[in-house]
Amino acid sequence: MKLNIALLAGDGIGPEVIDQAVKVCDAIATKFNHEISWKPALTGAAAIDAVGEPYPDETHEICKNSDAVLFGAIGHPKFDNDPSAKVRPEQGLLKMRKALGLFANVRPTFTFPSLLDKSPLKRERIEGTDLVFLRELTGGIYFGEKGRRDGGETAFDNCVYTREEVQRLAKKGFELAMTRSKRLCCVDKANVLETSRLWRETVQAMEKDYPEVEVSYEFVDAVAMRLVQWPNSYDVLITENLFGDILTDEASVISGSMGLMPSASLGSDIGLFEPIHGSYPQATGKNIANPMATVLSAAMMFENFGLLEEGKAIRAVVNNALNRGIVTEDLAEENNAYGTKEVGDWLAENV
Ligand code: IPM
Ligand code: MN
């Protein structure tokens, strides 16, 4: 297969972890006879510094004309501490999600047998955890009208959802549940929020089309609690944009390191694949960041092309590295950490 992949390394540790994923993908291409053509493009603070815009038109053109986007990370502290900044790196990611129609963010959380004791949660709580969040990505409070009034003394962010936006996300949730254990949890705050009542009502109306799927409805605050009490009681969870943002960060620590969790953003022909961690400024350029989340995001990319064996090969080599302790400092025993690049080299050589 011939694949054109837009490569958006972004900020912070983005370029370092992306380099490792590229090595692994190239090794997969050689092994399985594919041809990958990488199309690097600017995004985030790196793009603001270069051209004044976090998602330049040129980058959008490259993404639009690719089969998928592999993304590193976005964000820079110089913007975080400046609430008055008009242009922010994060706007690039939001603009890209909207422009590419990526309304469904797939964020799995699973455990690795060799890492059960790395998790901050007790082994017996997390053993067997294998859940997937489907987070709505192009609506809700992130994209509603925002602004100031009363001479700047009052601020507002509107949360808006249409039935159609809920339906298309929920449809993906039901379909995913059908391929798994047929359990779907709709996460909302329907006791308080009108948008949540629309979510609940819409999902309830869809239940009849998927009679085999057992649907539960839970409030977001209760899910936040049960997620760390009994994560292995969940399978597929669907939720709106902001709840999904928060809960998936929470869920990511279950596996033992946020540096392990991949994600896919889907909705149109072009998927975007990225680690769920951020730009980790403190680690930038130190060759210590864990590249595995990005490498596993590449596995999701191959799987989304229907190249299941390729995805499996990547997952297998990551597991193999974890079992042998070929890991970065977030997972290493004292003084036994490998560098970002060394982990990437090992994965590419052993794929
Ligand atoms: C994420 C990130 C983004 C989000 C930021 C960088 C805009 O936290 O992908 O979860 O909030 O969606
Ligand atoms: Mn987030």
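Yeah, the Cβs are placed from backbone N, Cα and C, and that goes for glycine too.
Site annotation for substrate in TrEMBL covers Arg97, Arg135, Asp221, and the matching candidate from Arg88, Arg107 is Arg107. Sequence-distant neighbours of Asp221 (substrate binding site) (same chain, six or more apart, CB under 8 Å from its CB) are Lys189, listed in sequence order. Separating the Cα atoms of Asp249 (Mg(2+) binding site) and Arg107 (substrate binding site) is a whole-number distance of 10 Å.
Listed in sequence order, the binding-site residues among Arg97, Arg107, Arg135, Asp221, Asp245, Asp249 whose CB lies under 6 angstroms from an atom of ligand 1 come out as Asp245. Neighbour counts of Cβ atoms within 10 Å were compared for the binding-site residues Arg97, Arg107, Arg135, and the top value is held by Arg135.
Mapped onto three states, the DSSP output places Arg97 (substrate binding site) in helix. The CA atom of Arg107 (substrate binding site) is located 10 Å away from the CA atom of Asp245 (Mg(2+) binding site).
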